[in-house]
Amino acid sequence: MSFSVEVLAGIAIELQRGIGHQDRFQRLITTLRQVLACDASALLRYESRQFIPLAIDGLAQDVLGRRFTLEGHPRLEAIARAGDVVRFPADSDLPDPYDGLIPGQESLKVHACVGLPLFAGQNLIGALTLDAMTPEQFEVFSDEELRLVAALAAGALSNALLIEQLESQNMLPGSSGVFEPIKETHMIGLSPAMTQLKKEIEIVAGSDLNVLIGGETGTGKELVAKAIHQGSPRAVNPLVYLNCAALPESVAESELFGHVKGAFTGAISNRSGKFEMADNGTLFLDEIGELSLALQAKLLRVLQYGDIQRVGDDRSLRVDVRVLAATNRDLREEVLAGRFRADLFHRLSVFPLFVPPLHERGDDVVLLAGYFCEQCRLRLGLSRVVLSPDARRHLLNYGWPGNVRELEHAIHRAVVLARATRAGDEVVLEAQHFALSEDVLPAPPAESFLALPACRNLRESTENFQREMIRQALAQNNHNWAASARALETDVANLHRLAKRLGLKD
């Protein structure tokens, strides 16, 4: 068997049919898996000595959440170094990164593997991996034919990365124009809620607006702040972190604004505060709702006039700082209760973001579980850590009141338990390794001023409410439109029309 012109043309046509990069990537690897009759295929992006899965076919869903470092995966390191088609013999002693991750074949190891490095010019930008349980599966294809496949995949990935960079440059003045792939932010998730959040981050990152990040405890608000900073013109300067909840009132002002020698007992020298440290960069104030009203007033002055005063000093210092603030409180309620200044709230919430709770993110739970499994594998020096099908279902059925942080701890604990009950360096996580209650119900969605921004009129408010209702229904029903329509008690055709009118569908 060999590739015909018709086969290659068919692959190219499938790429053109895709709507958006992700759809094109999925069409590419699905078509390749069919053409090559292999058991699994994956398109990976290369960045910072690791491969990041972009699209998979025939592999467990949690693979999309894993990050494959070169140091931890010798086969992928060989692909990255080769510069050409890499064929691994069936008896290769190099472990395959997908062992145990092909559904229905969890107990078997991959026998045939081909790796195709993908280049943009001289730069490695990714790889295409093809795996089969039959040892001789890829012998009928020549290296030249596989190079043609690699060229098609490299073109699709290179175009996607270039468009991504150009879109970013439109928001970042002074960009160099040199091809530089956008950096990974570890914001893992493909659910509608996370896709929307990522879009909002892209919109606001390139501006210099202050941002208020809301969400339940453990949802990943700090990661959002890092992503905003990383995508901003200030990314070359520091991102300074301060947890306001951990600040005793007696030292809070000094931590924020600094102090001069002799300002108080123990002030034995001049000391810069967080605002000075973050000059020309970004200051992330976590749990900002915990600040006292007196400190809120001083923080407001910095946001208004851009100057600070060290404790014990009469002089003012100019600072250029972007403030990102996070809270798990409803600050609008805090304002009404007199515990938070209304003027500071409005200064901070120019562009509010809301990080969705984990129970609203659908299958993102499995992707995140894969990410934490890979972290545990590297940390404990194991050859593999995989989730059984029962374990995946168990994780999806749980409500996760502690959100992503609870999931991370649950995975780490389960790996330790599973490792203790099984000899060797291969760990399979089963449902019984997780101390989770099956009857835990998802926490009710957080009512937040962040979920729906202030609107000018009734129509705009109604449309925003409808958008949020549809997004939540889709997230809770794994993006199944028919199931979402039933949950909303409406006809599916009407739901599609409404979603198009509201800009939720093309």
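A Cβ is built for glycine as well, from the same backbone N, Cα and C atoms used for every other residue.
The 4-aspartylphosphate annotation in Swiss-Prot covers ASP57, and the record cites sequence analysis as its basis. Per Swiss-Prot, domain 'Sigma-54 factor interaction' is recorded for 187-416. Per Swiss-Prot, ATP binding site is recorded for 215-222, 278-287. Residues or ranges marked as DNA-binding region in Swiss-Prot (evidence: sequence analysis): 481-500.
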Alpha-carbon distance [ASP57 (4-aspartylphosphate); ASP279 (ATP binding site)] in Å: 46
Rounded distance in angstrom between the Cα atoms of LEU285 (ATP binding site) and the residue listed as '4-aspartylphosphate': 41
Neighbour count (Cβ, 10 Å) for GLY215 (ATP binding site): 23
Outside the DNA-binding region (481-500), six or more residues from its ends: residues with CB under 8 Å to it: 466, 469-470, 473-474, 506
Predicted model, mean pLDDT over the domain 'Sigma-54 factor interaction' (187-416): 92
Tally of residues which DSSP labels helix, strand or coil - the DNA-binding region (481-500): 16 helix, 0 strand, 4 coil
Cβ-Cβ distance under 8 Å to THR282 (ATP binding site), same chain, at least six residues away: ALA225, ILE228, HIS229, SER232, ARG234, ASN237, PRO238, LEU239, VAL240, VAL321, ARG322, VAL323, LEU324
GLY218 (ATP binding site) to ASP57 (4-aspartylphosphate) - Cα separation in whole Å: 31
Coarse DSSP state, helix versus strand versus coil, of ASP57 (4-aspartylphosphate): strand
Set of same-chain residues at least 6 away whose C-beta sits under 8 angstroms from ASP57 (4-aspartylphosphate): GLN26, ILE29, THR30, ARG33, ALA40, SER41, ALA42
Number of other Cβ atoms within 10 Å of the Cβ of LEU285 (ATP binding site) across all protein chains: 26
Neighbouring C-beta atoms (10 Å sphere around the C-beta of LYS221 (ATP binding site)): 24
Lowest local Cβ density (other Cβ within 10 Å) among binding-site residues: GLY218, ASP279: ASP279
